[in-house]
Structures are given as structure tokens and as C-alpha cells.
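In what follows, a structure is listed as C-alpha cells, so that the remarks can point back to it.
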Amino acid sequence: MKALLDLFKQTQGDEQFDVIKIGLASPEKIRSWSFGEVRKPETINYRTFKPERDGLFCAKIFGPTKDYECLCGKYKRLKFRGVICEKCGVEVTLAKVRRERMGHIELAAPVAHIWFLKSLPSRLGMVLDMTLRDIERVLYFEAYVVVDPGMTPEGAMKRGQIMSEDEYIAKTEEYGDGAFTAIMGAEGIRDLLRGIDIDREVETIRADLKATGSDAKIKKYAKRLKVLEAFQTSGIKPDWMIMEVLPVLPPELRPLVPLDGGRFATSDLNDLYRRVINRNNRLKRLLELRAPEIIVRNEKRMLQEAVDSLLDNGRRGKAMTGANKRPLKSLAEMIKGKSGRFRQNLLGKRVDYSGRSVIVVGPTLKLHQCGLPKLMALELFKPFIFNKLETLGIATTIKAAKKEVESQTPIVWDILEEVIREHPIMLNRAPTLHRLGIQAFEPMLIEGKAIQLHPLVCAAFNADFDGDQMAVHVPLSLEAQMEARTLMLASNNVLFPANGEPSIVPSQDVVLGLYYATRDKINGKGEGMVFANIAEVIRAHEAGQVELASRVAVRITEFEIVDKKAEGDARFAEKTKIYQTSVGRAILSEILPKGMTFEEINKPLKKKEISRLINTSFRKCGLRETVIFADRLLQSGFRLATNAGISVAIDDMLIPTSKERIITEATNKVKEYDKQFMSGLVTNQERYNNVVDIWGAAGDQVGKAMMDELSHVDVLDRNSKTVRQESFNSIYMMADSGARGSAAQIRQLAGMRGLMAKPDGSIIETPITANFREGLNVLQYFISTHGARKGLADTALKTANSGYLTRRLCDVTQDLVVIEDDCGATSGVTMKALVEGGEIIEALRDRILGRVCIGDIVHPDTQEVIVANDTLLDEDHVDQIVALGIDEVKVRTVLSCLTRFGLCAKCYGRDLGRGGLVNVGEAVGVIAAQSIGEPGTQLTMRTFHIGGAASRALVASNIEAKSNGALKFSGTMRIVKNAKGEQIVISRSGEALIIDDNGRERERHKVPYGATLLFKEDAAVKAGASLATWDPLTRPIISEYAGIARFDNVEEGVTVAKQVDEVTGLSTLVVIDGKRRSAASKGVRPMINLVDDKGGEVMIAGTDHPVNIGLQVGALITVKDGQKVEVGEVLARIPIESQKTRDITGGLPRVAELFEARSPKDAAVLAKVTGTVSFGKETKGKQRLVITDMDGEANEFLIPKEKQVLVHDGQVVNKGEMIVEGPADPHDILTLRGIEELAIYIVDEVQDVYRLQGVKINDKHIEVIVRQMLRRVQITDGGDTAYITGEQVERSKLYDANDLVIAAGKRPAQFENVLLGITKASLSTDSFISAASFQETTRVLTEAAIMGKTDTLRGLKENVIIGRLIPAGTGLSYRRARKVREQFERDRAQMIAAEEEAIANTPVEIEAEVIAPAGEADPS
């Protein structure tokens, strides 16, 4: 009893424990927790409001309702503490014990715990080896279960057998009364459970496992073995799943609150408990009265149902409802779901010392400041003010101080100023999608009621001033203030952690001002003047002698960085130079920090340029200078924009002159297609696709014409010649600078609105030819409203989906922290530039920046080391590597990091948000999840229908060289020469490479099967030359051998049909679909065999397989029977489906699909081994493909007939090569090609989605997620470890176990990699607290309780839930220091004990000598 109370005592100081264990409570345990039995269903007396004795709120059991006062009021005050009143039996103590003291109910009949019955898989069913249906029938009194066969003959009846009422009666008559025992209800199940000998069961199952060969049985046994072993190791008895005692929750946790008007609000649990008590008491009475069996049975069933409802209402049958027909909230519902205990109260708490208000812009603030309304500050900093008032002696008590503050005397404001100085506060804007959503600022007191926010941090908060609100939090403790100041201050967070780009980029007005000031103009006022310095320029400008945009020459003094190591001015060298520039740029150059050249701003500053400028400043001049520079840029931008006075008029929207013509042409083309459709030349779908194409193209043409007219104007220069210059049109300037609007929006204003989509996403074929300047008619307006509304609906959906993705990502990575500097890994991944279709999508520079290299990087010519092994590659290194034209670099990656239960800094590389090597303790997992989740709302939700123009654009028919060099072919390329001497490609995965003069690969192209190569290997090619061509609409089948074609099973009307071309009148044979053939010819496969002149079969080179070429459905046969066939000749062509509009999952769903590792529908089939392909006997709808490996072992695949098989008889394929077309399955890639290939696949696919939206995310974030998806392995052979085959284990745990086994000289376990989707990976984590707070709480807790799981509190989430510092950042070092300290204390205690023992055992004379050496060793 006492032990339990100690568990609930308020902790004094830091309660130190390292693990939390969960298990099942035995009846004795429940009774030991309890302070008394609850016998009555009464709650409180409605007149006196005092709790009823022995009821659900009984003060005797649960403690007094008022502090230090018994119920009858005999004992009051502190002096009677601990006394038990003899009149009312209440102990005099604190009232808050009512939050921790439990009671119990002694059940009149045992009851099964619903979680272990109904939570799938049913644990009761597993242990008893019975079906859930049977157990339910017994528990709910529909059937008997045999507990003891007794005197019945051998084999007539066995223990655990189920029998219905009628059978029971029949058997009783047959064998006599009392010959055997069969019971109904939980008692029967309990007796069965008690009769199980777990050790023996485990042995039998292990023996069965060894003996059996069937997969289904192995699975079944393994499941049961797992549950039984769990009971064995945890020491939990199976019969505890049946409850004889029910614990009662402390009353304060299920309160009863009086409302005005004499009514009460109560927790649903009280209702549920009342039902249990009522039914239990009634059952007790019935048993005492020896009521008829049927009545007792019904009451027992009702008791079981009442307890079920209390534990998990609605899990079985109908949910119990209260008076208002609403289902009652049971214990299970209290903890699960969004509003359950875990997510509502433990992971998301409300915070004291916080406030919220609307934000307004604060253009005069410095970057690290924010404006805080005085009244808000007064409320938030109250305790500090009280303290100050007392220390100054202005107020004597807190009460007086409170009065002083409330009257807001002048002294209070002075003290507020003082208290607030240098005390950072945190601002947060919901939704907090990444770590920059909370930043610390120094408050400046302001009048008014709105918080002022610095404009430059808006990008990070994603805030604007259209009514956004922000919350303020005050860090109270000194440590918290220090962390807020050093880690969270806005001026210390200038880079996005997602991609390392600056986050303090100006936008809108500022960009417009800077752009306007740095544009130059032909023939402006004062053009051609020369100035000695910037002061002169300013003077001339202010005197009105020169315009802001005039082109002038200025002498400018710059400071170049010469010595990076030096401090202060010693770093720079001064140099002066005359620049051709504009007045605005010269004036702006004043704000450049030292170390930046004038070249950097001697161009029109668009948004991208400004971002680059800030980035350069950060890398060259450091954080402090950059922050000052950004602030100055902001001030200048605002000032210049104001002075510029840019405004917009309707006349600025120029409608292109060619618009009418383009629209007329398009209309005529559409009419032409309508005619063709009417006369039946094209299908309706084709007509629709073409119409949509035409209008799409017309819209683009109008847009282009408009931009051309808008962007340039003709002006006279100084010599009165007409020249074109960029226009100063306001709308164009806004779009061009990146301040507001885009070309697409201007197109709607001044071009044509173009095609609109219906709500279902399909495109309406009549476009809106008008623009907003001309105005829309009613029909056009109506069509437009569709799109606008769909946009809003989509956004709402998207936000929810994106948030859910972020939550899953955070959950899977939450425990990944950098825990050491270097793991010593020597493997990594070789990075190259990303090339698609011969174009570089991502340069090598961006891919290796901020990574640690493996091995020295040497100069390609001189072989001298430029970058040493294990160096973090920064901008300078990368520039050097790129300049030397090195095109691949091996770098460390998160996936090959050897650190267990974490990561090392070297494998992670640069911390993108700070710019140096990542610190130990950084929670890189959560950062990765935020970086991927945060842009989620910008991704699209829809599935793209690709049809018409879009799909036609996808069909390439040749490869063009992009650069000069020598042509090389990859090792997988196989070529034959045909009769014309052309080179025909007969490999599926061949690649053509172009190598430059230095021997470096410039580009790489995939060459499809059947393509004709136009150059020989090693030929020199020029940029723009065509390397290979092919027919994009058909796939050929090419003969690799010469001979005479002999048809096999090619019968007209049976397997092939004659098709006559309408235009040419030529006939060809087409293979018909098996489904459309007659029954007899269903399984027959048409083939072409090659025979030589003598009629013998031509064999495949190096084998004894004849050359049989199978023809697929739809193949057009181009040779005749008996025709002579040359090498490289086309035997048949398979038309590619005229690019059906296929759906491409894009955007958010695609990202989710990749991270959930879902196998795609109709996935590609990859070869499991390297070997030779042949076709076996076909089944009804499938063809059998056999790959025979080098040892002669055959691997069979069954492939649906309608699938495109990419290989043919006799072809040699490599392991992991695609043999059937389709999207790749990540699981196959992992098993056949390994972790590295899988990572490359997932990273590339995810990046494709984000790149399409123009979002930059660093690869390493995606790699971090992939590492977490691979964190479990499957045991293939347990070796001498405790693991069984087929079990899934945490990788780090297995490595640890293997180390121990190897050290002992035994056999380690063998395993294979498993890829888990993020949801599954989160749920399979070793921490049950983390898994339970994520999803499927009931299942997770049920499983954990049976296994008696311990949670080692390794992740961040578990620690947040139990309320201690997270093991990341400062928390990690705190925890390590504590461990060291504890170890030291232990060692010291041992030494002292050893000394004392030594002293006790030593003869007295030589005592002095013994103590001396021990004294030296004392660590203190």
C-alpha cells in the first residue's frame, strides 16, 4: 500500500529513473493499490453535497474533500495531520490525495479484459489456441467450454472443446452427471488459462516449428510462440487477462462538478462505474438467494458487458449511452486519439506566461527586436515586477505590489522597462511547420495593442499583416533565457534549415524599391557624367542634375578579403576603380559590407539577386555583418520604393495587337477538327485532345506576344537613334523584380484567361478568350467561378493532408539525434550531377556542398591533393572542384553511418541552418521531417491526367548531343549490324555517353531497344548532332540471328487476324488477344522460329536453345512465312498504345506514397538473378517467364498476358534489370539492388515532386527519412542469438547482440534489410510510449503490456511525455554530465567501502601505511 503511495508522491527534486515498464496487474497488485472497496453506486448526497460512504466518491477510501479536515468536521487544521477520525473514518490530510488514491471493486464473477479479447490479434485466442468467435460464445454465455474431460472415455472430449447448450445436455445424459466439467463465462476461460503450462507449450511449438514445412503453419506457430514467450519472459500469468478485481480511478480524475441550478456535470466514467457496481451488487444478491441458473447467467453476461464498456465502450456490440443518447467516453477513449491524454495533455500542453495578439509591421525595428504592447508586457512580466517592487522597498507584500501594478503608477512603467531589458521573449505563429516558426526577440515597449514584427522575419514565419495573430511566450528561468538568446534569437537564424538559403530575404515593396533604384535607362538626365566619389553622386542627384537610372561613371573604393584568418581591418585590402554604372547603384553601394565587391550590386536587383547577395554576404562576411546589411537593405528599399512612387493604371495592361489574329486562327483549326470528327476520321477523344492542345498553344502565343510588347519599348538614345530598352511599365516591373505577380497573372490581365478546369479536374474545351481588362461575359464569369472555388476547397484539403504527412515524418525520425563526432565510416555514395534527358537538373556543386568527402580529391592533371580526406566541403572547396572539372566526388552519407541509435556529425555534414559542421546533440531527424513537411502545403493534391499535347511531348524519337566529345557506349549496350550496315541496338538498358577531351563524362543518355545508332563507338560528335533515332510509336522485335522465318501457331482467324490499312490498302497479320480466341487456341502462343538452309533449327550462340521468337498480343508481323531474315531485321512491331491519358500521381500523394513505401499497382518485374530468359508453358491469363542462372537453376515468373515483356527468348539479363514494364517497387529495388540504389531512387523521386513546385530541399533530409525506414531488419538465421527466424529487430539492437555473440566466439545472426513505410516504422519502434502516442494506442498498449515491455526513453517524444529534458541539444549534454556524475559517485562509494573494509581487516600497527596510498587515489 505504502509503496503505491510513494509512486504517486509529488517528486521532491529530480526523480531519476532510466526506464519505464508496463505490464498486467495481478488481482493482488490491484488490491494492494486500493484504499478500500467501493460497495455502493452512490456518488454524493444531493442535499449536503458530501460524498456518500462506500460510494464512488467516499472520503474514507479516497481522502478528505477539504485540506486537513475530516468529513464530519471533528478534526480541523494542520495539527491533526495523519489522524483518522473515529466518527467518519476519514484521514486528516491534503485534499489532493483524492487525485492519487485508488479504490477497487470485488467482482462477484470473473470478467475478461476486452483489450486482450477483441484487440486483434486476440491475445486470449493466441494463448488458448481458440478462435475469437468461440471464446466470445463462452464469455457471453452462449456455449460451454470443457475444462476437465473427467471420467469420459478417451478421445470423446478434450479440454478446451466448445459445446452448445443442446450438446451439453446430450453429453450429460450420455456420460452421467458430474462425469466431466464444462463451464460457461469467464470462469471457464480462466480455468483453461490457469491450466496452461507455458514452458511446455513453448517447447512443443518450437519442436513443431522445426518439423513443419508449410509457410502458413510456420507463420501461425511463430505468432503464438511470440505471445507465449512474452508471458514466459515477463513473468505475467495468462489468467491475469481475466479480472477478479476491478480498480477504481481516483475521484478527482473523474470529477463531479455542481452547476448552478442544482444540476451536476459528471465524467462519463462515473456512469460506467455505477453500472458495473449495480450489476455486481445485483449478481451478489442473486448468488446469495441461489437464483435460477438462467437469471444468474444473464446477470453475469451483463456484468461482463458493463466492464467491457467501462474499459473500451463500443469495442463490442453497441456502445453504452448516457441519458442524452450519446455514447459514453470510456477509459480507452480517454487516452487515444487527438483529444486523448497523450496528444492533448502530454504532447500539447497549454503554457503559462503567454499571450497572443494581432501583428503589424515594424519597419523601424532592428532584426533582433519586436514591438510588445505595454499592457501585454505588464501582464506577462508581473512576477518580475512584483519581485522588483519588493526589493526596491516600494511594496512590502505581494498583495501591495499587486495593487501597485493594477493602479499602473508611473514607477511601474519604469520598473517594467528595467525588467524587460535584455530579457528575450519568444514569438510563435501557428501553424509552426518548421523550427523558424518560433523565434526569440528582444521586446521594445510600444503603445497600442498589436505586436510589431520585423518585416524580414515574415518569410520564416510565413506571416503577413492581413490580420495574422502571433503568440508570445516568456522564458522564465535563466537557462531558458540563455538558450532563447543564443539559439533562438532571430538574428542568429538567418538560414532555412531545409536548404541553407537565407531566410531574411526582403519581399514586395522592398524588392520593388531596390529593383527600381538599380535599373538603368537609356538617355536619362545627366547620362555620361563622371564622378570622383559617391558623395558627389548623391549631391548631384539631390540637386536634380541626374536621374536615379541614368548611366554614369563613378570611382568606387572597395575592400577585398585577402586574409580570411586575420581579425579586423587586417583582413581587407583597399582598391579603387572606375565603374560604368547607374546613379541608383552607386548610392546603394554605400551599404555594402566590407569584403563585398561593387560588381555584386552592379545589376538590376531582382528578388533572386537580392537573395544571392545576402547569401554571399553571409559566406564572406559572417553573420553579424549580414544582419546589419539586411537591415540596411530593408531601410533603403522602403525609402526608395516610397520615393519612386510606382503605381498601377489600367493603361499599363497592354493588350497585344496580334491577339485577334491568333484567336481567329485557333478557332478555324478547331472547326477543321470538328469537321473531321463529323466525317468520322477522328474519335471524339482525339478531337477533344486536339482542341485542348490548340487552345493551350493559342493562349501561350497570346501570352508571349503580350510579354514581348510589355517588356520592351523603343526609345531615342543620345544620338537620336531608335533603340529598344527594357520597359519601365509598372506592372512589368512588379513581375520582373519578383515583388508581386507573375507572367501568368499578367497574362490573365492583358492576354487571355485561357482554358479552365471543371470541378472534377477535366478541362473545358471552350477557353475564355477575354482578359480582365476587356472584362468577362456572364458565361465566362460562370466558368471562372469553378476554378476559384475548387482552389479554396483544395487548399483546405491540402493543409490537412500536409499536416498529417509532417506528423508521420516527425514520428518516424523523432529519436534520431547526432550523438558523436565521427563513426569512422569509409563507405559512402559517389555524387554526380543529376542529368535528365541530357540536361543538368542539379549541378554537382549543389549536391556535394556541405558534405564530408571520402578519400583525397586530387587534381586531374597534376594528381596533387586539393581536398584532403574527411574534409567538410565548403563553398571554396566546391568552386575549386568544379573549376577543375572533376565530375564525381565520393561523400559520406547518413545511410552508411555506423553510429548506433543515432548519427555522427561527419556523415551528416553541414548544419544547413547554421552553416558549419553539425553539432553533437542536434535533432537532425525532426529537422529533416520539418524540412520535408513544411513545403507540403505548396504541393499540389491532384493526380495529373496526361493526354493530348502533354503526352505527345513526352514521346522522344531521337537523342541529341548537348556537347562536343567522343561517343562511348556503356557495358550493357549490345548492338547488331543489319543488311544496310546500320547499327541496331538490341539491349534494354544500354547508355550512350559523351566523353570530353579530359576523359570526363559530359552526358549520358538511355538508348532504347530497336534504336538505330548513327555514330560508331569512339566517334567524335559535335553538339546538336543526332546520336540515335527510333520510331516512338512502335516497339520492334529484332532478329539477332540470320535464317529463314518459319511460322509456328500463326493461323489466320485462330491466333492472328488480317488487318488492312485504310490508306495504303496493304494487309498485315496481327496477333489477337487470347481472351478473344476460341477455347482450343487459348493457350497457343504464336511464334517465329529461325531455321537454316538445311531446315535445322538455328541455335542461340553458346547454348543449345533454338531461336524461338514469341509474339505478343497486338504484334504486327512484318515478315512472311519462309522469308529469309537477316541479322538486325525487324520481324514484328508492337504498336505502343497511342499514349492513353495515363494518370500520374503527383504532388503530396506521391510524396506520401514514396515514404509509406507502398508497392505500386502493376509494378515492374525485376530479374531476381542474372541469367538467360526463356518462356515456359502458359497458363490461362498469364505467360510463364523463366530465367536460368549460371548454375542452371530456374527462376519462374508468371506475367499477365496484357503486360509488356521487355525481354525475349535467349536474352541475357542482369539481376535487378527490368523485365516487365511498370513503375518500380521500392521493396524490389532494396532486395535486388541494395540500400544505395534504393536511397537514390527515393531521393530522386521525392525531389522530382518538389522541384516541379520550385521548392529546394537538401538531399540529406530525405536520406535521414530513408535511414529511419530501413531501421529494422528481418532475421534470416538466428545463429546463437535469442532471435528467431522471420523476426523483425531494430538494426542497432541486432548489431549489439551480434557483437556479444561474436565476442563469445559463437555464431552471429544473419539478416536481410526490410523497408518499412513511415507509419509502420513509427509503430514498430521499440518505445511503446512513442508508438502509443502516435496511432493505434489500444493495440500498442495491449501488446506492450503482455510482453512486459520496458521503454528506455531514448527518443525525444517519450521524454516529452514523461516531462523531462529531451536528449538533444543542451538536454543531451546535461544527461551525459549526469551519467558521468553518477558513475563518479558510485566509484567513490565503492572506494570508500573498500577502504573501510581494508581498515577493518588490518592489524592496528601498520594502519598509517595503509591509509596513505588510498588517500592519493581519492578522486575528489
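Cβ atoms here come from the backbone N, Cα and C positions, even for glycine.
Keep in mind that this is a model prediction, so the values were computed, not measured.
As annotated by Swiss-Prot, Zn(2+) 1 binding site applies to Cys70, Cys72, Cys85, Cys88. Taken from Swiss-Prot, the feature Mg(2+) binding site applies to Asp464, Asp466, Asp468. Summarising the annotation, Swiss-Prot assigns Zn(2+) 2 binding site to Cys823, Cys897, Cys904, Cys907 and lists sequence analysis as the type of evidence.
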In three-state DSSP terms, the structure that Asp468 (Mg(2+) binding site) belongs to: coil
Under 8 Å by Cβ from Cys907 (Zn(2+) 2 binding site), counting only residues of that chain that are 6 or more apart: Cys823, Ala825, Val852, Arg892, Thr893, Val894, Ser896, Cys897, Thr899
Cβ neighbours of Cys72 (Zn(2+) 1 binding site) where a neighbour is any other Cβ within 10 Å: 14
Proximal residue to Asp468 (Mg(2+) binding site) among binding-site residues Cys72, Cys85, Cys904 (C-alpha distance): Cys904
Euclidean distance between Cα atoms of Cys904 (Zn(2+) 2 binding site) and Cys88 (Zn(2+) 1 binding site), Å: 64
From binding-site residues Cys70, Cys72, Cys85, Cys904, the one whose Cα lies nearest Asp464 (Mg(2+) binding site): Cys904
Cys907 (Zn(2+) 2 binding site) - helix vs strand vs coil (DSSP): helix
Pairwise Cα distance for Asp466 (Mg(2+) binding site)/Cys70 (Zn(2+) 1 binding site) [Å, integer]: 58
Binding-site residues: Asp464, Asp466, Asp468 - member with fewest neighbouring CB atoms within 10 Å: Asp466
Cα-to-Cα gap, Cys85 (Zn(2+) 1 binding site) vs Cys904 (Zn(2+) 2 binding site), nearest whole Å: 63
Listed binding-site residues (Cys88, Cys897, Cys904), ranked by Cβ neighbours within 10 Å, top entry: Cys897
8 Å Cβ shell about Cys823, Cys897, Cys904, Cys907 centroid, Zn(2+) 2 site members excluded: Glu820, Asp822, Gly824, Ala825, Arg892, Val894, Ser896, Leu898, Thr899, Leu903, Ala905, Lys906, Tyr908
Pairwise CA distance, Cys72 (Zn(2+) 1 binding site) versus Cys904 (Zn(2+) 2 binding site), rounded so that it is a whole Å: 65
Most Cβ neighbours inside 10 Å, all chains, among the binding-site residues Cys70, Cys85, Cys823: Cys70
Shell of the Mg(2+) site beyond Asp464, Asp466, Asp468, same chain only (C-beta within 8 angstroms of their C-beta centre): Ile359, Ala463, Phe465, Gly467
Distance [Cα-Cα, Å, rounded] between Cys70 (Zn(2+) 1 binding site) and Cys904 (Zn(2+) 2 binding site): 60
Shell of the Zn(2+) 1 site beyond Cys70, Cys72, Cys85, Cys88, same chain only (C-beta within 8 angstroms of their C-beta centre): Ala59, Leu71, Gly73, Lys74, Tyr75, Glu86, Lys87, Gly89, Val90
